[in-house]
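Participant: Sharing the record's features from Swiss-Prot:
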SIGNAL    1-18  signal peptide
DOMAIN    19-80  domain 'LCN-type CS-alpha/beta'
DISULFID  Cys29-Cys79  disulfide bond
DISULFID  Cys33-Cys56  disulfide bond
DISULFID  Cys42-Cys61  disulfide bond
DISULFID  Cys46-Cys63  disulfide bond
Amino acid sequence: MKIVIIFFIAMMAVGVYSKDGYLVKKNGCAYDCTVLFGDSNCNGECKAFKASWGSCYAFACYCRGLPDSVPTYPSSKTCSS
């Protein structure tokens with residue numbers, strides 16, 4: 001029973017300290033990609049920001065399990081390329 005309680009507490013902690021979203025560069029633009037070649041590139045970019053994984057979705061890198069400190073789209077900055 002203690003193991004089940006510890007498991008649920010751990011799962012709640014993961015939910016509190018991680019988020020999902022489109023990865024944003026310092027200029028406010030999303031990391032772009034192509035679906036054919038983008039998954040491995042996006043996975044690497046997302047993991048560089050401590051995400052659990054990433055993939056190319058709608059021509060931008062979508063990350064799962066990002067720390068709360070990492071900016072995601074829509075960011076407060078407008079995209080200035």
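Placement of Cβ uses the backbone N, Cα and C atoms for every residue, glycine included.
Describe the structural context of these features.
Facilitator: Using a 10 Å Cβ-Cβ cutoff, Cys29 (disulfide bond) registers 16 neighbours. DSSP assigns Cys29 (disulfide bond) to coil in the three-state reduction, placing it in neither a helix nor a strand.
Classification of Cys56 (disulfide bond) by DSSP places it within a strand.
According to DSSP, Cys61 (disulfide bond) is assigned to a strand segment.
Non-local neighbourhood of Cys63 (disulfide bond): Asp20, Gly21, Tyr22, Leu23, Cys42, Glu45, Cys46, Phe49, Ala51, Trp53, Gly54, Val70, Thr72, each in the same chain, at least six residues away, with C-beta under 8 Å from its C-beta.
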Participant: Distance check, please: Cα of Cys33 (disulfide bond) against Cα of Cys61 (disulfide bond), rounded to an integer number of angstrom.
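Facilitator: Given the Cα positions, Cys33 (disulfide bond) is 6 Å from Cys61 (disulfide bond).
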